[in-house]
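Student: What follows is a structure written as C-alpha cells; I'll ask about it next.
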Amino acid sequence: MKNYTDIHDIENIPEMIQEAIALKANPFQYESLGKHKTLIMLFFNSSLRTRLSTEKAAKNLGMEVMILDINSTWNLEFTDGTIMNLDTAEHIKEAAQVLSQYGDLIAVRAFPTLKDKALDISEYILQSFVTYATVPIINMESAIAHPLQALTDAMTIAELSSKKKPKVVLSWAPHPKALPHAVANSFVNMMQSINVDFSITHPKGYALDPNITKNTPISHNQEEALRDADFVYVKNWSSYDDYGKVLHQDPDWMITKEKIGHACCMHCLPVRRNVVIEDAVLDSKNTVVIQQAGNRTFAAQAVLKKLLEQL
Ligand code: CP
C-alpha cells in the first residue's frame, strides 16, 4: 500500500479489519514503530472525529503529529501553468514537496465544491498531493471518498455481527444542507468488498454515481428495504444527477424506532437529531454510533501501521 486514498488501496480487506480489531485489544503493541516519524494532517475543512482519532492512532504508534488548518496559511494554487497574479500565493508543487520534508506521512481532508461535478470527480486536491508529495498520502475525506470511515464501518459490522452474511442496508435520510457523497460512496465500495447482503434505499432523484453502485440492489421503498435488516447505515447525500442539489427534505425518510426494528443503527456522525435519526433510536440500545466513532482510532491505526511498515 503506497497511499491510502481509497478502500481499493487495501490489498486484503478482511485482514485489515482483523488488524484494526487486534489493535483495539492491544493499542500500544507497536508503540515503537512510529518513533522519530511524523504525521502531518492538513485540514481544508472541519473535523472532530477524523482529526482526533487519527492523531490518537498516530500517537499509539509512537509518531509525532503536526496539524495544519490549511485555510490559515498561504492560499494554494493547484492549476499547472497558471500566472499566479491573483489570489493564490503558493503552488501545490512547492508546498507538497516542502511538507514532505517535514512529515513522513501526509493526511489530507478536502471536501468537494458540490457545484462543479467534473472538478470534484477529478479529486484535484487529493491527487495533487499524491502527484507532488514524496511521502505517502492518506485520505481523511476527499471530494468523493472517505476510506478511513469505511474501514471503521466494516470493522464495526465485523465486531457486532453474529451472522456470517448479515443484511446491511444503506438508507438515505433527510438533511437541510447539501452534503457530499464521500461517506456513502466509500461505504458502498466497502460493502461490495466484504461478505454481506447489501442494498441501498433512497428516494427518486438521489441515485449515487452508477460507477460506484454498479449492480448493488437499489429500492425507493425504504420500509420494504429495511425489513429484517441487521445493520442500517443512515446517511444523507445531495443529488448526484442534479449535482449538489437538495431536491427535498422528505421527513418520511427520517429513521425512526419503528423502521429500525431489531437492527443496529449506524451513522458516521455528526448527526442532526430528529431530522436524520429520531431521539428514540439514538438513545436506544440499537444505536452503535458511539462504538463506530471509537473504532475510528483503530481503523486509522491499522492504516498508519501498514504505511509505516512500508516506508
Ligand atoms: N465521521 C467523520 O468523518 O467525522 P468528522 O467530520 O467529525 O471528522
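Just so it is clear, glycine is given a Cβ too, placed from its N, Cα and C backbone atoms.
Quick paste of what TrEMBL says about this protein:
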- SER47, LEU48, ARG49, THR50, TRP74, ARG109, HIS146, PRO147, LEU148, GLN149, CYS268, LEU269, ARG296: carbamoyl phosphate binding site (BINDING)
- GLU141, HIS175, LYS235, ARG272: N(2)-succinyl-L-ornithine binding site (BINDING)
- 7-159: domain 'Aspartate/ornithine carbamoyltransferase carbamoyl-P binding' (DOMAIN)
- 183-305: domain 'Aspartate/ornithine carbamoyltransferase Asp/Orn-binding' (DOMAIN)
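Just tell me what is around each of these and how deep it sits.
Tutor: DSSP assigns LEU148 (carbamoyl phosphate binding site) to a helix.
Under the three-state DSSP scheme, LYS235 (N(2)-succinyl-L-ornithine binding site) falls in the strand class. Cβ-based neighbour count (10 Å, all protein chains) for LYS235 (N(2)-succinyl-L-ornithine binding site) stands at 21.
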Student: Since the record lists ARG49, ARG272, ARG296 as binding-site residues, which of them has the fewest other Cβ atoms within 10 Å of its Cβ?
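Tutor: Each of the binding-site residues ARG49, ARG272, ARG296 was scored; lowest Cβ tally within 10 Å is ARG272.
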Student: Using DSSP, what is the helix/strand/coil residue split across the domain 'Aspartate/ornithine carbamoyltransferase Asp/Orn-binding' (183-305)?
Tutor: 48 helix, 19 strand, 56 coil
Student: Of ARG49, CYS268, ARG272, ARG296, which binding-site residues come close to ligand 1, meaning Cβ under 6 Å from one of its atoms?
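Tutor: Near ligand 1, sequence order: ARG49, CYS268.
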Student: Spatially speaking, which of the binding-site residues SER47, ARG49, LEU148, CYS268 is closest to GLU141 (N(2)-succinyl-L-ornithine binding site)? Use C-alpha to C-alpha, please.
Tutor: LEU148
Student: Looking only at SER47, LEU48, ARG49, THR50, TRP74, ARG109, HIS146, PRO147, LEU148, GLN149, CYS268, LEU269, ARG296, which the record lists for carbamoyl phosphate, tell me the maximum pairwise CA distance in angstrom.
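Tutor: So the binding residues stretch over 31 Å, Cα to Cα.
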